[in-house]
Each structure stands twice: as structure tokens, then as C-alpha cells.
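Feature list (source: Swiss-Prot):
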type	residues	note
TRANSMEM	26-46	transmembrane segment
TRANSMEM	74-94	transmembrane segment
TRANSMEM	97-117	transmembrane segment
TRANSMEM	134-154	transmembrane segment
TRANSMEM	168-188	transmembrane segment
TRANSMEM	199-219	transmembrane segment
TRANSMEM	236-256	transmembrane segment
TRANSMEM	263-283	transmembrane segment
TRANSMEM	288-308	transmembrane segment
TRANSMEM	338-358	transmembrane segment
């Protein structure tokens, strides 16, 4: 929004031209989201406490989690508000990338909100029925996938980038829709499964978003893209604003979500942030790279799939409890140890993912 005001003011003073630089607006976007989260966080937590919107803890969960019962949840509203305000202020509202991301965050955030509302307000422990949650996620993801495929302006927008192989970038054609769908829905649910300990999901989300900010910037510049053998995607630089807004909002939320948490993000936060990471990966053509950098999310998801599959096929469980972070809790690891070690794994995987841009 302010891009247009700055463009007008440039007529009177060339100093306003600095707002045309994506990097400058990205920094302002990060700071805006961070400051908003830190400032409004206590107010939201107080409001949630007054409304008695507290976390529901399963009786069959780890005993250490019983103390979390009643902790304010739906804090993802704070994250979404910070991102929306930041992007609307500093993003180029004429960019297709910006509106796609706002739609993703809004639609998946709404699905998560309905789920949380049913759990904590209507006291329905099951929340939104799993079937309906998946249907709504699928509708939103398919709408995004079809839109991106129909509006692709150059061949690079529907290529598949394969890490470590600089000349392997096959054209996907209509298969793009299928890949985009599974990436968005899968990422959304993976982050949701990871969000089981204080700060466990938000920090890897921040790390992956920061990495995608760099990738989006490189993809938007022809020279960098050609040098790294990745698709040149004109205009993708605007995704940097979205990514840094996620980073700022995430760090601000972590201030209150770190152990022992004062607030949880709830499904309204985890489903929307996961879908956002998946959509960014689709937009910059780095779906495989998301699997690497988001390895913690993948590990959590696979642990659930393996646990359920093993129990149904063999009648035996592989882990003491799934997702896998609960397994380590039941082994006696203190919660902060599980969290920090998963963060360390995430740092390693993000750096490995970034290294693949050059190791081709």
C-alpha cells in the first residue's frame, strides 16, 4: 500500500525511491510484524483468558501436558494479524504473488479458526470433523493450484527443480496441479502435527520462511537465477515481503510461546502457516527443497503415518506415542530439551537446503 504513496512522493523528493527496493521493504515488513506481535500479544492473551479460550489437553497424552490445560490458545490470530498488516503496508498490492499468499493464509486460517472454535468455545473435543477439515483444505488448495497453473506467465513457473541436478528441471504440465495440491495440504497438516510443544513448530517455521525469503529474492533476479540454475520468476521478489513478515510475526509470537508457553497458536496458526510454507515452495518451484528444509515437519508426519500403519497391520506400535516429539517426552526427555534439539536439527536442514542451491 505504502509503495504507491512512496512512488507518488518520489516526484517531490528522490529519497522516497528507497521504498522501491524489495530488501528495504522486507526489513520494514519484518520489523512491523515483530513490533505488532510484541505490542498486541499481551492484550490478546489477556482477552483470551477473559473469554476462557484455553487449551484442551487429551487425557491420554503425556502427564507433563496436564499443566498446560487452560493455557490460552488461538494465538495464531496474532500471527495472522501481524502478517496481514505488514504485507498490506509494505507489499506491492498489484502483485499476484501477494494476493495468492493472503488468500492462502486467510482461507487456511479460517479452517483452523473453525476447528479451534468448536474445541475451546463449544467444548467439542473433536473440533472440526477430520473429513470436513480435509475437504475444506482440499478445496482451498485446488483453487490455488488451478489458479497458479492457469495464470502461469512463463515456463519456469511450472517446472520442477530437482536439488543437486542443475539441468534437471522437467516441465510438469497439468501434473503441476497435483504436486501443488499435495505440497500445500501436506505442509499445512505437517506443521499442525508438529505444534505439540512450546515453540516447537514456530521456530522451524521461522527458519524455513527466512530461507525462502532468500530463495524468492534470488529467483526474482535473472542474473542470480541463471547463475544458480533455478527458474527466473519475475515479480517473485514480492514473496520476500511475505516471508519476512512471517519471520517477524513468528519471532514476536515465540516471545510468548516459548517454554513455559503463555499462549498456543492453535490450528488457526499452524494450518495457515504450514499452508503458507507449502504455497511459497510451489511459487518458487522448490517443493523438494521444502521436504529437506522442513525435515522436522516431515519427520513428525512420518512418525504418525508409521505408528498408525504399524498398529493397523501388526497390532504393534513403533513409538511410545506419536507424533515423535511425544515419544521422546515419554522416554524422559524434559520438554525444553526436545524443543531445542529439534530446533538444532531444523537449523542443520535449512542450511543443507540452502547449500543445494550451489551444490549442483
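For all residues, glycine too, the Cβ spot is worked out from N, Cα and C.
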With contact taken as 3 or more Cβ pairs under 8 angstroms (pairs 6 or more apart in sequence), are the transmembrane segment (74-94) and the transmembrane segment (168-188) in contact?
no
With pairs fewer than 6 apart in sequence excluded, do the transmembrane segment (236-256) and the transmembrane segment (26-46) have three or more C-beta pairs that lie under 8 Å?
yes
Maximum Cβ pairs under 8 Å to the transmembrane segment (168-188) - stretch from the list 199-219, 236-256, 288-308:
288-308
Recorded stretch that, among 199-219, 236-256, 288-308, has the most CB pairs under 8 Å to the transmembrane segment (97-117):
236-256
So which residues does the transmembrane segment (236-256) touch in its own chain, when a touch means Cβ under 8 Å and the partner is 6 or more beyond its ends?
22-23, 25-27, 29-38, 41-42, 45, 75, 78-80, 82-83, 86-87, 90-92, 95, 97-98, 101, 199, 202-203, 205-206, 209-210, 212-213, 216-217, 219-221, 262-263, 265, 269, 273, 276, 280, 283-284
